[in-house]
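**Student:** TrEMBL lists these features:
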- B:12-39: transmembrane segment (TRANSMEM)
- B:59-83: transmembrane segment (TRANSMEM)
- B:95-113: transmembrane segment (TRANSMEM)
- B:140-160: transmembrane segment (TRANSMEM)
- B:189-212: transmembrane segment (TRANSMEM)
- B:218-238: transmembrane segment (TRANSMEM)
- B:245-269: transmembrane segment (TRANSMEM)
- B:281-304: transmembrane segment (TRANSMEM)
Amino acid sequence: MLEVRDLHAYYGKSHILQGVDMQIAAGEVVSLLGRNGVGRSTTVKAIMGEVPPVGVIRFKGADIAGLPSYRIAHRGLGYVPEHRDIFPGLTVRQNLMLGVKDPRNPGKWRLDDMLDMFSNLKARADTAAGVLSGGEKQMLTICRTLMGNPDLVMIDEPTEGLAPIIVQQVGDLIAEIARRGVAILLVEQKLSIALRISHRVYVMGHGRIVFEGSPADLKANDAVRKEWLEV
Amino acid sequence: MLELIVISTLNGVLYGMLLFLMASGLTVIFSMLGVLNFAHASFYMLGAFFGFQISRWVGFWPALLIAPLLAGAIGAAVERYGLRRVHKNGHVAELLFTFGLAFAIEEIVQIIWGKSPVDFRVPPLLDFPAFTIFSTNYPAFKMFMLLVSVAIFLGLLLALKKTRIGLIVQAALTHPHMVGHLGHNVGRIFMLVFGVGTALAAVAGVIAGPALVTQSNMAGLLGPILFVVVVVGGLGSLPGAFIASLLIGLLQTFAVSMNASLAGLLGPLSPDLAQSWLSDIWNVTIAQIAPIMPYLLLVLVLIFRPMGLLGTRDT
């Protein structure tokens, strides 16, 4: 479904991505792991066109490298950025409604389902999203992207800075997304969630993919974990 | 005295609402593009001149509709084919672009309509006193201006709060990238906002043209006050722009009608001061310093409350 080949990206003169290769099949859950600063977030930003990409990015067979992000979104690629960019002045309900790309043609995720799934969001459906807790904001950003009915959703660091109980809930939501047949690219630092729900994992180091395999392969491979993941 | 207060309040609110018609567009454009549009008042002037010209051909009422549409279309084109390209080169380039545009529009207006005021008159239908308070006749056209401004203000509020496109605009004010990632065409939203913002300024021009003077320097006269309004209200804040518009409208109208001076206030205490070197300051009336009051306010706000009355970011 998504194919990235020899992807490079630059911030000014620094060469951040130095030839990233990866693939995600329809319905697959893939994690992109690695330490801070190795280029994980830049990879998804380059795919969305927020950082100018150099290389091949194909989605459902079509070249999307460098398209404006709204065009990419319309092709069915959803993106949840790492900073929980909710619209603080709008209500929870309005935030969710803005996730819908085409009001005449709603997808499989309905507003009411979404609110039923999260009692916290339902109770606060008509309050300003700016007052939500960090965990609730994270749930809201993920749900908002789902309202656009993506076939693949890229989620950047969803559990960063959240309490363990909330991390668990976010994990459950991601598992539920996968259960409904949506492919996921999860950018994470915490191994626990990634290993629990992923079919396949990539590990990044110095702007490249340094390991690819199943969660079991990664668990068994002490050398890779020591060199590229553990601090 | 009561008469003065009533009339000045009416005039002040009217002036304030006119300012708001322009400041609302300016402040929203600032929020989205991050750049002050120096040419904003030029669209107000274009509105007045288009209104004048179209009135001659087909009458005032069609002009009230056509002139803003025309100015708004020009505004949208400026964003699409001008600002969007300049944007790549940073904010300074954008600022200079709008600065140059303001001069270009002024020169073009002078070439077409000349430097002297044009004869843009109040339509006969509204050329009568609406009511008489005390001994003053209040013109119907001014009431009409007030009505149009208030109607547009309410319409704008409703469109922003209740429509889907309004929600997208609100979201794009703070998080344009995120709005793009959700599949909304942010470029088109920017163009729309620029078009609507400049059209609103043009509406102000069409209705202010007959009441004030329609002349090629009118943008230059009004532009600086607009910046005062958006800075005092808080850059990017619509409610702030509304309050600041009314504040400055009232401040200027009341100041102009006041003849108090330091001499009048403190004179009896020390009559000899009026003869001293202080006499110049001593005898200046509030009416005389009225024109600088908004700028004084601007300076004070920037020193003591740089984010403005309701702004959230530092200017």
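The backbone N, Cα and C atoms fix where each Cβ goes, and this holds for glycine too.
The structure displayed is predicted, hence computed values, not measured ones.
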**Student:** Count the CB pairs under 8 A between the transmembrane segment (B:218-238) and each of B:12-39, B:59-83, B:95-113, B:140-160, B:189-212, then give me the winner.
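**Tutor:** That would be B:12-39.
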**Student:** Taking a Cβ cut-off under 8 Å, which residues six or more beyond the ends of the transmembrane segment (B:95-113) line up next to it in the same chain?
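**Tutor:** Counting only partners 6 or more residues beyond its ends, the transmembrane segment (B:95-113) has Cβ contacts under 8 Å with 35-43, 45-46, 49, 52-53, 78, 82-83, 86, 216-217, 219-220, 223.
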**Student:** Do any residues, 6 or more residues outside the transmembrane segment (B:59-83), come within under 8 Å Cβ-to-Cβ of it, and if so which ones?
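**Tutor:** Distant Cβ neighbours of the transmembrane segment (B:59-83) are 33, 35, 39, 43, 46-47, 50-53, 94, 97-98, 101, 123, 125, 190-192, 194-203, 205-207, 210.
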**Student:** Count the CB pairs under 8 A between the transmembrane segment (B:12-39) and each of B:140-160, B:189-212, B:281-304, then give me the winner.
**Tutor:** B:189-212
**Student:** Counting only residues 6 or more past its boundaries, what in the same chain has a CB within less than 8 Å of a CB in the transmembrane segment (B:140-160)?
**Tutor:** 10-11, 13-14, 17-18, 20-21, 24, 122-123, 126-130, 166, 169-170, 200, 203-204, 207-208, 210-211, 238, 242
